[in-house]
Amino acid sequence: MTSPSHASDRGGGDGDSVENQSPELRKDPVTNRWVIFSPARAKRPTDFKSKSPQNPNPKPSSCPFCIGREQECAPELFRVPDHDPNWKLRVIENLYPALSRNLETQSTQPETGTSRTIVGFGFHDVVIESPVHSIQLSDIDPVGIGDILIAYKKRINQIAQHDSINYIQVFKNQGASAGASMSHSHSQMMALPVVPPTVSSRLDGTKDYFEETGKCCLCEAKSKHFVIDESSHFVSVAPFAATYPFEIWIIPKDHSSHFHHLDDVKAVDLGGLLKLMLQKIAKQLNDPPYNYMIHTSPLKVTESQLPYTHWFLQIVPQLSGVGGFEIGTGCYINPVFPEDVAKVMREVSLT
């Protein structure tokens, strides 16, 4: 990876207008993707605001995720606390799953190098993050968010017992334009029989960087110019070649390739930093819809086999759409440099 350039090096110091900042292409070794930074196409970093309305909250009486309406949901997998009618969170099957958990016996057919179809076996679950309809994830305290993260871990460990599953994606869609069909705060997990191509590309990119430098590029991503905040065990950064404006990554300080190795103490610590980032995003960007994704490693590869990669949590505020150029090339245009994002977000005060 090319060494991150500072604002002063690219003619975009604090005193320069956006129009005077030169465009720049950066390649991200993690995603293996080129990004065009073109500040002249946009406004000042501090002027970014969401114009997308959150999806309207239905009345609690019509929401099956609210406490007391459990019978309207798909089957429950577990709740926290266990067997408690006054639950704090529930993990349930998705009522409209993208994959079927009932096809496992058919999924044992061997996949060959020429296979173009395999049976659609997998798991698609929903994590209901609060019993109260009006509470969003950023309203929950760090311990409560830690409980949600540990619920992800517990469910990953359960699903990992199925030999046909190779990768599990944890993700959250907050707001209608971010893909949420329910306004009650929730996240989702999808367990796949294949390793998705973006995951393979991420592993290849981080491996190439490691072989070239002897270092993990995600460990290297924590340069001070890109750091927003940090906790005891995690650091939040605006990544060097951010695909999206105001994209944020939360990275463990210790090298770790699999999210489900997270312990209880680190879960609470991560919960605090995730809460802080969501609160800062909401304040600075006018409470935009957002997605977060946990990027981890395939289940069947051990920690010792992956000295070159690192799990992380990616937050993407929905501030701009994807056009024909991005779809056609896989190369994205970002109107704000991550150094500027980091500076703006560091200075956001919640008091």
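Residue 1 is the first one shown; counting continues down the chain.
Each residue, glycine too, has its Cβ placed from N, Cα and C.
From a predicted model like this one, the values you see are computed outputs, not experimental measurements.
Record note: Swiss-Prot gives C216, C219, H255 as Zn(2+) 2-binding, and the candidate from H83, H124, H133, H310 in that site is H310. Within H162, H184, the residue that Swiss-Prot lists together with C63, C66, H133 for binding Zn(2+) 1 is H184.
For the pair C66 (Zn(2+) 1 binding site) and M182 (ADP-alpha-D-glucose binding site), the C-alpha distance works out to 11 angstrom. Note: the CA-CA distance between H186 (active site, tele-AMP-histidine intermediate) and C63 (Zn(2+) 1 binding site) rounds to 12 Å. M182 (ADP-alpha-D-glucose binding site) has C63 as its nearest neighbour among the binding-site residues C63, H133, C216, going by CA to CA distance. In the three-state DSSP scheme, H186 (active site, tele-AMP-histidine intermediate) is classed as strand. A Cβ within 8 Å of the Cβ centre of C216, C219, H255, H310, the residues given for Zn(2+) 2, is found for these other residues of the same chain: K215, C217, L218, E220, S256, Y308, T309. Rounded to a whole number, the C-alpha distance linking H133 (Zn(2+) 1 binding site) with A74 (ADP-alpha-D-glucose binding site) is 18 angstrom. Straight-line distance linking the Cα atoms of H255 (Zn(2+) 2 binding site) and H184 (Zn(2+) 1 binding site), rounded to a whole number, equals 34 Å.
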